[in-house]
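Let me begin by presenting the structure, written as structure tokens, before commenting on it.
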Amino acid sequence: MSMTDLLSVEDIKKAVGAFAAADSFDHKKFFQMVGLKKKSPDEVKKVFHILDKDKSGFIEEDELGSILKGFSADARDLSAQETKTLLAAGDKDGDGKIGVDEFSTLVAES
């Protein structure tokens, strides 16, 4: 399954383009723009599994840094500060990574 099976190509392009500038990433706005906020809990979990590149059941800090590339291969990497901000917002149990339930909560709170 690919991201475009779940989200519109146009929405992905607009969302990725809106945060093309370094240090501009805002996960709440991004999740809304990309259409993730409107998806069912099951679809949000499918997106999580696409972003979990190593299939560990978690999105670790290195995977978070390239989260935009999970939506569009030609997107930029997040800066170290953007990555840390996103991790802090999503990592509710403090284990240094984001699980599927934490990701679902992060999207729901957007």
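A Cβ is built for glycine as well, from the same backbone N, Cα and C atoms used for every other residue.
TrEMBL entries are annotated by machine, without manual review.
Long-range contacts of the domain 'EF-hand' (39-74) within the same chain, counting only residues at least 6 positions beyond its ends with a Cβ under 8 Å from a Cβ of the stretch, are 1-3, 6-7, 12-13, 15-16, 19, 25, 80, 83-84, 86-87, 90, 96-100, 103-104, 107. For 39-74 (among others), the entry in TrEMBL reads domain 'EF-hand'.
Residues or ranges marked as Ca(2+) 1 binding site by TrEMBL: D52, D54, S56, F58, E63. The Cβ of D54 (Ca(2+) 1 binding site) lies under 8 Å from the Cβ of E60, E63, each on the same chain and at least six residues away in sequence.
Summarising the annotation, TrEMBL assigns domain 'EF-hand' to 78-110 (among others). Each residue in the domain 'EF-hand' (78-110) gets a DSSP state, and the totals come to 20 helix, 3 strand, 10 coil.
The Ca(2+) 2 binding site annotation in TrEMBL covers D91, D93, D95, K97, E102.
Using CA atoms as reference points, the binding-site residues D93, D95, K97, E102 were checked against S56 (Ca(2+) 1 binding site), and the closest is K97. Other Cβ atoms within 10 Å of the Cβ of D93 (Ca(2+) 2 binding site) number 10 in total over all chains. Rounded to the nearest whole angstrom, the C-alpha distance between E102 (Ca(2+) 2 binding site) and D52 (Ca(2+) 1 binding site) is 13.
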